[in-house]
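Trainee: Got a structure for you, written out below as structure tokens; questions coming shortly.
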């Protein structure tokens, strides 16, 4: 083998090792964000819901601070139920990694019939949460709170 070929092979191996250490990201987070934007007609950016109260964002504990935070708690619970479904219980098929089919028409969200059992369940979790977000007041004081003292 030529030295140049060895260098290319080494570079590819190093790149693959680096890629293996990148944490997996939820694939349907983008879809959920689009559902939120559909339901609220783009009035509030999706990232405003990523660090709100005790349940909106990563994790969740304690008592929800308001109705919007309860929407997030319900969404977390819904994902927990999805993880118990046999159809959602195989590698990369759970609520955070499974994508689904849906439609948005003038703020109305519809989960499509071509979703399998797991995708349909997850889609309905996201749809219900997005509708809840759209109808519930947003309190700026509950964004980026100290969850250790407030939850």
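Backbone N, Cα and C atoms are what each Cβ position is placed from, and that goes for glycine too.
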Trainee: In Swiss-Prot, 55, 57, 59 are given as binding Ca(2+), so which of 66, 76 is in that site too?
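Mentor: Of 66, 76, 76 joins 55, 57, 59 in the Ca(2+) site that Swiss-Prot records.
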Trainee: Taking only the Cα atoms, work out how far residue 118 (disulfide bond) lies from residue 57 (Ca(2+) binding site), in Å, as a whole number.
Mentor: 22
Trainee: State the three-class DSSP label for residue 59 (Ca(2+) binding site), counting H, G and I as helix, E and B as strand, and everything else as coil.
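Mentor: Looking at the DSSP assignment, residue 59 (Ca(2+) binding site) belongs to neither helix nor strand, so coil.
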Trainee: To which of the disulfide-bonded residues 123, 151 does the lowest count of other Cβ atoms within 10 Å belong?
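Mentor: Among the disulfide-bonded residues 123, 151, the sparsest Cβ neighbourhood within 10 Å belongs to 151.
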Trainee: For residue 76 (Ca(2+) binding site), what is the tally of other C-beta atoms lying within 10 angstroms of its C-beta?
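Mentor: A count of 17.
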Trainee: Pick from 38, 55: which of these recorded positions has the biggest number of other Cβ atoms within 10 Å of its Cβ?
Mentor: 55
Trainee: Can you give me the Cα-Cα distance between residue 59 (Ca(2+) binding site) and residue 104 (disulfide bond) in Å, rounded to a whole number?
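Mentor: Rounded to the nearest whole number, the Cα-Cα distance is 28 Å.
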